[in-house]
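Here's what Swiss-Prot has on this protein:
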- Q44, F45, R46, E47, K48, N79, S117, K146: 4-amino-2-methyl-5-(diphosphooxymethyl)pyrimidine binding site (BINDING)
- D80, D99: Mg(2+) binding site (BINDING)
Amino acid sequence: MTKTDQQQIKQQLSVYFIMGTANTSRQPLDVLKEAIQGGITMFQFREKGEGALQGEEKKQLARQLQVLCQEANVPFVVNDDVQLAIDLDADGVHVGQEDTNAEDVRQKIGDKILGVSTHNLDEVKQAMKDGADYVGMGPVYPTETKKDTRSVQGVSLITEVRHHGLHIPIVGIGGIAYDNAAPVIQAGADGISIISAISQSADPKKAAEELRALVTSEKALL
C-alpha cells in the first residue's frame, strides 16, 4: 500500500459505522441514510447474531445499503462474508481472529480494502504480514453488542503499537461513544468504529455529526 493510499484509509476510518439488523429497531436503510447525512466516513455491513438474515435476504439488504454508500462515496465493507463482498463488488472485507484467514481473504479480494480485528501486538504484526490495510483494536471499552468479546483493554494496545513505530491505520473498536471517544484518537488511532452510539440513537444524523466533529478536532490537536 502506498503512502497516499494509507493516508486515504486513515481519513476513511475517522467515523466508521458498523450495523446489521440486530443493531437497530428501525429500518437499517433509514438509519444508514441519516448516518451518511451526518458525516460517517466508512460503513461496515455486519449481519451476525440471533435472527440474522441469511442467503438472498441478506444479499438484498446488503445491496440496498451499498447503493446508499455508493451515492455518497462512502466505502462499503462487508464483515467476514467474503463471497458476499465479491458478489456485490464491495469496497472491502473485515475479518476477526476467529473468521476467515486474512491472508486467504487478501488473495480472494485482490486490492480491495482488508481490515482485521486485533487484540495484541503479535496479531497486529501478523495482520500487516497478511496484507491488512487497517487493523481494528479493542475492545477499548465494555460493549453490549458483541457477547463473545475479549477482555477490555482501554487504549493501551493502540499506544503500544504506535510506540513500536508501526504506522498501519488503526480504528478503535468496542463500546465507543461521544463521551469516551477522545482518548482513542489521542492514543494514536485514526478513527473510531461506532455501532450503538449511532444505530440506537434517536437522531443518527446528529450523533454522526457530533462524532465527526469530535474526531476532526482531536486529530487537529495532535
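Each Cβ is built from the backbone N, Cα and C atoms, and glycine gets one as well.
If you take the C-beta of N79 (4-amino-2-methyl-5-(diphosphooxymethyl)pyrimidine binding site) and look for same-chain residues 6 or more apart in sequence within under 8 angstroms, you find I18, G20, Q44, F45, R46, E47, K48, V93, H94, V95. One residue stands out among the binding-site residues E47, D80, D99 for having the most other Cβ atoms within 10 Å of its Cβ: E47.
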